[in-house]
Amino acid sequence: MAAPCPDPSLERHFKGHRDAVTCVDFSLNMKHLASGSMDSCLMVWHMKPQSRAYRFAGHKDAVTCVNFSPSGHLLASGSRDKTVRIWVPNVKGESTVFRAHTATVRSVHFCSDGQSLVTASDDKTVKVWSTHRQKFLFSLSQHINWVRCARFSPDGRLIVSASDDKTVKLWDKTSRECVHSYCEHGGFVTYVDFHPSGTCIAAAGMDNTVKVWDVRTHRLLQHYQLHSAAVNALSFHPSGNYLITASSDSTLKILDLMEGRLLYTLHGHQGPATTVAFSRTGEYFASGGSDEQVMVWKSNFDVADYGEAVKVQRPPAMLASSSGNEPEVDFPVPAGRGRSPESVRSRPQEPVSVPQTLTSTLEHIVGQLDVLTQTVSILEQRLTLTEDKLKQCLENQQLIMQRTTP
């Protein structure tokens, strides 16, 4: 008989922000974790112990959202200063600025190919940008209130957005048309994302609920009312079997989508839990809160079946609503640092096939192109500034010569 899986465990917590943490995201290789804060700074934390974090200053107001590019070589952020910035996440922390929104930018998300970026704003629009050309492409403008979140589907063909107009809208990226509006939320919709299979979406709301819809039939598949305050963020496990939520009731909750029930309630943050995100492999998840802390948790899901589970990506089953009466496991933050090395066994690595190697190589090449493109852009900006200064100096010199000539 197999031993039961251990509960999720708190592995690390990062302190460095000077105000509430608003957003978190892991890089592809799990080497870095980015977080944004009301303190106007972006932090990039090294997952390797005893490594120094990067603090990126550039935004003039609160940082509201962060997202690593699929390759992990670029990092996008949005801010209350109405701008989007694309950073090269290294010690220099250089960035370029995208300007087109006229109010706070609430959400940034790269397409799976890294070529496009979608943003959402209090100016009631969703905007799509070309990453490499650093160019604004088009707006989606049917929401009638602030847009809190916008995400690409895994295949990049669809966009989903969540708004304070109490709707979730599904858009066709090519035609730029609104395919469907989901209007079941009783309050502002704070967050939305695609299931890894691309067949479903989950949305969180100020009405304390989480709802899951099928994007093909537009049917409401699941409805959860488990939190006692607004649900601020959610994240799908890469397998598609689990969903984690962060709420103003100070808790994180892990839901089993296959069985439609609550698995864990995690008490870690002092005050509202504002953000949560699984790592790209699902082995870890990170959370942030108004207590200025970033916490990293080990998922500890069924490791034996983990490799296969990630590949399955089954959509959630059609189930009845779940309320607070569901059984749950309260898991307070442990006093120590989790488990002893003996109890955390690493799973054997699968042999790397040729296609995986090629994929890894291509991702590396794309990542290097990302960095080169970004570097060229920064150099072009500096060159333009230098040319302007030279022109100004020549004009000043000519004026001086004219005045001194008898």
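Yeah, the Cβs are placed from backbone N, Cα and C, and that goes for glycine too.
TrEMBL annotations:
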COMPBIAS  339-348  compositional bias 'Basic and acidic residues'
REGION    317-355  region 'Disordered'
REPEAT    14-55  repeat 'WD'
REPEAT    56-87  repeat 'WD'
REPEAT    98-139  repeat 'WD'
REPEAT    140-181  repeat 'WD'
REPEAT    182-223  repeat 'WD'
REPEAT    224-265  repeat 'WD'
REPEAT    266-298  repeat 'WD'
Of the listed stretches (98-139, 140-181, 224-265, 266-298), which one yields the highest count of Cβ-Cβ distances below 8 Å with the repeat 'WD' (14-55)? 266-298
Restricted to the repeat 'WD' (182-223), the mean pLDDT of the model is 96
Across the repeat 'WD' (224-265), DSSP labelling yields 0 helix, 25 strand, 17 coil
